[in-house]
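To start, the structure under review is shown below, and the notes come after it.
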Amino acid sequence: MSLEAPDTPETDAVTEHDPEELAALLGDLVVGRDDHLNAPGFVIRPDTVQETLSILKEQAGYDHLSVVSAQEYENRYESIYHLKKFDDPTQEVSVVVPADKDSPVSESAEPVFRTADWHEREAYDLIGIEYDDHPDLRRILLPETWQGHPLSMDYDKDQPQIASLPSHVNPIQEHHMDDESDTMFLNIGPHHPATHGVLHLKTVLDGEQVVDVESDIGYLHRCEEQMAQNGTYRHQIMPYPDRWDYISAGLLNEWAYARAAEDLADIEVPEYAQVIRTMGAEMCRIAAHMLALATFALDVNGDFTATFMYAINDRERVQNLLEDLTGQRLMFNYFRLGGVVWDLPEPREEFFSKTRDFLDQLPGSVEEYHNLITSNEIFQMRTIDTGILPPEVAKDYGATGPVARGSGVDYDLRRDDPYGYYDELDWDVITEDGCDNYSRLLVRMQEVEESAKIIGQCIDLLEDWPEEERNIQANVPRTLKPDDDTEIYRAVEAAKGELGIYMRADGTDKPARFKIRSPCFSNLQTLPEMANGEYIPDVIAALGSLDIVLGEVDR
Amino acid sequence: MGTAPAQLFPEFIAETLGISGVPGQVVGALIAAAVIGNIVLAFTGVAGPWAKRKITAAFTDRIAVDRIGPFGLLIIPAAAVQLLAKELIVPEGVDRPTWDIAPILLPASALLGFAVIPMGHLGPVNLQLADPEVGLALVFAFASIASVSLVMAGYASNNKYSMLGGLRAVAQNLAYEIPLIVTAMSVVIFAGTLQMSGIVEAQQDVLFTIAGFDIPTWYALVNPFAFVLFLTANMAEIGRNPFDIPEAPTEIVGGYQTEYSSAYFVLFYLGEFVHIFLGGAILAVTFLGGASGPGPESIGFLWFVVKIWGFFLFTQWARAAFPRVRIDQLIEIGWKGMLVLSFANLVLTAVIVGVIV
C-alpha cells in the first residue's frame, strides 16, 4: 500500500496539541471558550475567521474542514467550523464564530478552505448568516426565489412560496458567452441518465470540451435536518438516516447517528452488538460499492452492459443477507441507541452458512469485474488519467472516502478514529495513487474485498460467542435528555466517506440543532476541478466515479 | 467469370407470371423489391423488440420477454402496436421538413443497399434484385446516405444533445468510411470485380482440405487481417459499441434521436437495425462467401441468414461487453490507426496478387 508523496514535512507522529497550546498559538484571536464533547472550541470574532483558520491550518496542521454548522440562538447567530487533521482525525478543534443577531455577518472561510464555499452557502440558505468575502453567496438547496431562511427562528412557515425559475436560464452566461466566443451552454440534468438522481449540471461547452461545469443541487432536499430536530433522540430519529444515502448504505448512516447520540448521552454499547453492527455495516458497504461499480460501468460502457447486471446481482445477494438480518432490504432501521434491535436470525447456523457462501463466491465475482472492465484496454483508455483530482485539491475540498483514497489520501475513520469493532479486526485501508477515475474504481473494488474480510472475521466471532453473553442492547433510559448546551460532532466512515453528525442538546428530549455532514456534498464539490477542460464523456465518468447519492447531497 | 450469370429475382418473377418486355421488368422488379424489403423488415421486426432483448438478457443473466406468446414472441406485434399508438410529439422550433425527412431517409438508405446484395438461392429462386457491375461501390454509396440522415436529424431537432449527436455521427462516419472502403478495395483486387455475384463467385474455390473438409477461399480465411479491419470499421459504420458514440445515451441521451417519438422513433430504430443487417450482408458477401455453405445451392439463402444474424449477434455481444470509446479517441483510432492499416493492407494485397496471379 503506497501513500501519497509527502508535500508537507513528514508528520509521521502527528503532533498532539493540547487546548492551551492552541489557545496560545491563536493568542488574541480567541475571545472565549465553548468546548464541545469531541473537541475544544474557541470563540473568535466574526472578522477574524480567515486569520484563525489559516493559523490552525498552516501552523497546527488542522487541514481538514469537516463541516460548517450554523445555528441561531436567542441572542446571536453562530457558525462552527469543525476542523480535523487528515493524518489523525481524532485531533479535532471547533472554531465558534458568533455573529450579530440583527445583521449576522461573518467572514468567509472559503479563501482558506475551498470546501467552505458550499457549506457556507448552505448556512446562508437555511439559517441566514451572511459571509463576507464569499465568492458566490447564493442559495444552494432551496430555489433562488425562496423567501426567508427556514431554520432561523423568525421564519414564517405559513408564508406561501413561489418557486419558479425562468426557462433556459443561463446563470453563468456572462462569464463565458460573448460575441466572439462560440461556446455552448448545456443543461445536463436534472433528468439525465447519468446524473444518478436529480442533479443539474450547468455546463459550458467548447465543442465537445467542457469549459465550466456548475452543480445545481437541492432537487431532493427533504428537510432531513429539521425532521431530525423534531424527533426524540431515543426512537424517532433513527429511521431517517436510512433515507440519506439510500443506496443500501442504511446501516452505515444509522451508525453515524448512533455514534454521535451515544457519545452525547454517554451510552456504552455491548461488544456483541458492536460486532453485529460492524458486520452489518460492511455488508452495506459491499452493497453500496457494488452499485457504484454497476452504475460506473453503465456510464462508461453504455446501457446494456453486462457488468451492470452482474454487479446488481451481487448486490441482491448481499441484500438478501441484510434482509435476513434486519427484515428490510433498503430502509433497515436496525440500530438502536445502545445496540441493535434484535439478535441474528434463527437458526443462526443457516445465517452463518449463507453469509459464508456469499463470501466464498465474492472473490470470483470481483475477478470477473476485473476481467470485464478494469483489464479492458478501452476501459483503461477511458478512465486512466481522466478526471484528475490531486491529493491537495481533494483535501482542500474536504473530499473523503474512496474519492480521497483514490487520490492517495490515506484517510479512513474506521482505522483512524476507531469505533465499533474495527480496531480488533485484521483489514487494510486501500489507497491508490492514480488520482483518476480508474483509481477511484479500483479503491472501491478492493474495499469490497476488505469488507468481505471484516465480515468473515465477524461471523467467526459471532459463531463462537457464548450464548449467555449475547447482549444486543445496553440499558438505555426510555427518554434521553442530554444536558443543556452540550455539543458534539461525531463521524463514521460511510460508503461515500466521512458521514458526521453535529448535535446540540438543549436539555429536552429532542436535539436543538441537528446537522448532517454529508460526504457526497463535499465530494461533489470537486467535480469542476476534475471536469474542466475534459470531454463530456469524461465529465460523466468523473461524476460516476464520485459515486454521489443525491439523497445525501441534498438531505 | 466463366459461369453464366444466374437468373435474377425480378426476371424470375416476370417469367413465372408470363409477362415479358418492359411491363415484365417493371412488375417483376416491384414485386421482387417488395419481397426482399419485407424479408429484411421481418428480420428487423424480430430483431428489435424480441431478439435484441433475448440476446442482451442472455449476456446479462436475465430472462427478458417471456410472458406474451411462446418464448415471448408475441411481444413483436405488441411492441409494434404500442410504438405506433404513441403520440408524435413535434418539438417547438424544429426545422421541418428536414426533421420529417431524416427518419425516412435512414431506413430507406439501408434498404436500398439490399438491392444489390446476392442473398442466395431459396429453392429455384435467386434472391438478388440487381447485379450491376459496380455493385460494391453502389452498396457503400447507399449505406453512406445514412450519415446524411443523422446530420439532418441532429441539426433539425433544435436540441443541443441532438446537435452533438449529429456532429459526432459525421466525424465518426468520415473517420471510418474511408478505411472501410479501402479495406473492401483489397477484396476487389482479389476478386477482380466490383460485381457482387462476381465477388461471391471468386470465393468458391478450395483453399485447402482438412480431413476431407474443403475449406473455401472465403476472404476472411485468405486475408484475416483485412477481415478484422473491415469488421471493426463496420461496427463504427453502423454505430454499435464500442463505437455507439453518436447515440451514447448515458452522455448525450440518444443524440440525434432525442427528440423523436412514435412512428418517427420507430423509423429510426428500424433504420438502425436494417443498417446492422446491411452491414452484416456486406460483410457476408465480401468476406464470408456470400450465401455459400455446405449443402446444395438451393438452401444458400439459409446460410446467408445465418451469417447476417451471426453478425447481429456479434454486435449485441459487443454491446454487452465493450466500453464506449471517447469521440477524440475514436477519431484518433480512425485516422491514425485504421486508415494507415487499411492502406497497408491494400498495397500488400495488390503486391501479392500482382506477384502470384
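A Cβ is built for glycine as well, from the same backbone N, Cα and C atoms used for every other residue.
Now, the feature entries from TrEMBL:
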type	residues	note
TRANSMEM	B:26-47	transmembrane segment
TRANSMEM	B:68-89	transmembrane segment
TRANSMEM	B:101-122	transmembrane segment
TRANSMEM	B:134-156	transmembrane segment
TRANSMEM	B:176-194	transmembrane segment
TRANSMEM	B:206-233	transmembrane segment
TRANSMEM	B:263-288	transmembrane segment
TRANSMEM	B:300-318	transmembrane segment
TRANSMEM	B:338-356	transmembrane segment
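Residues 1, 133-137, 140, 144, 147, 201-203, 219, 222-223, 226, 229-230, 233-234, 236-237, 243, 282, 286-287, 334, 338-339, 341-343, 345-346, 349-350, 353 of the same chain lie 6 or more positions beyond the ends of the transmembrane segment (B:176-194) yet place their CB under 8 Å from a CB of it.
Contact between the transmembrane segment (B:134-156) and the transmembrane segment (B:68-89) is absent: fewer than three CB pairs lie under 8 Å, with pairs separated by 6 or more positions in sequence. Between the transmembrane segment (B:101-122) and the transmembrane segment (B:338-356), the number of CB pairs under 8 angstroms, six or more residues apart, is fewer than three, so the stretches are not in contact. A contact between the transmembrane segment (B:206-233) and the transmembrane segment (B:26-47) is absent, since fewer than 3 of their C-beta pairs, 6 or more residues apart, lie under 8 Å. Counting residues 6+ beyond its ends, the transmembrane segment (B:26-47) has Cβ neighbours under 8 Å at 8-14, 17, 19, 76, 80, 111, 114-115, 119, 127, 129, 270, 273-274, 276-277, 308-309, 312 in the same chain.
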